[in-house]
Amino acid sequence: MSERKVLNKYYPPDFDPSKIPKLKLPKDRQYVVRLMAPFNMRCKTCGEYIYKGKKFNARKETVQNEVYLGLPIFRFYIKCTRCLAEITFKTDPENTDYTMEHGATRNFQAEKLLEEEEKRVQKEREDEELNNPMKVLENRTKDSKLEMEVLENLQELKDLNQRQAHVDFEAMLRQHRLSEEERRRQQQEEDEQETAALLEEARKRRLLEDSDSEDEAAPSPLQPALRPNPTAILDEAPKPKRKVEVWEQSVGSLGSRPPLSRLVVVKKAKADPDCSNGQPQAAPTPGAPQNRKEANPTPLTPGASSLSQLGAYLDSDDSNGSN
């Protein structure tokens, strides 16, 4: 800044700018520029979508031997964000747009292609009519025929609209609403009838059960008592057995008599005539033989089991038989 404002540059009197040598650069040299994708595209290599407005560091070059009205055409090189494949496109000053050249396909291009096709057909038709007068008559005949078909279709649409105009949509909706309400009312009545029938059936069943219970509670006195069936004992459920404790198994029950005690019949001792006459019985002499019953008395304990009593009874019978 100080040099521009304060100091002056010196130009010698023999200064000639044409004599200064210029740097020779190739015409197809490339520059690195920062740009955004001008349209939506899809990579042909990996199928990755690249949307419009995505920024790239692109290489820019001038297309050789392609000029439109003196305007140069530029080519740009970018790389796919996924597979790093090279994609190229160039400017189109004729249509103020860009054209895809290599590496990708342009999306949403159907409308543009259709417009280009229409322009091409129109141009070919104009070229044919320019050199062939008969072609002009044929094209006019085709146009008039197409126009008549369009008018017929338009008339059909008008008739259809008129027929639909006479239809009262409000009345149709009202009728549909009434039919729906009637159907809902009928369904509600059927539900009520079914509920009433179920309640009536339940009430009758309850009355029958009450009458049966009254009949069972008050039997008729004239009816004779039924005798028990002899085989009814087989149908009875078995009674639960009392759990026998360990001490009862070893010692025996003290409070109740065992069931086999009924089988043991205790004999009554015969009255001795000597004792009945009042004379005392003589004491046995020492060394005299005594019967087995007196030698081996079997005292009965109140807590003895039934099996021990039965064994003692059998021993007493054997001793009596031997005597």
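Each residue, glycine too, has its Cβ placed from N, Cα and C.
SER211 is the residue among SER144, SER211, SER306 that Swiss-Prot labels phosphoserine. As annotated in Swiss-Prot, phosphoserine applies, among SER18, SER213, SER256, SER276, to SER213. Here the Cα atom of CYS83 (Zn(2+) binding site) is found 92 Å from that of SER213 (phosphoserine). Distances between the Cα of SER213 (phosphoserine) and those of the binding-site residues CYS43, CYS46, CYS80 are shortest for CYS46. Within 8 Å of the Cβ centroid of the Zn(2+) site, not counting the listed residues CYS43, CYS46, CYS80, CYS83, the chain contributes LYS44, THR45, GLY47, GLU48, THR81, ARG82, LEU84, ALA85.
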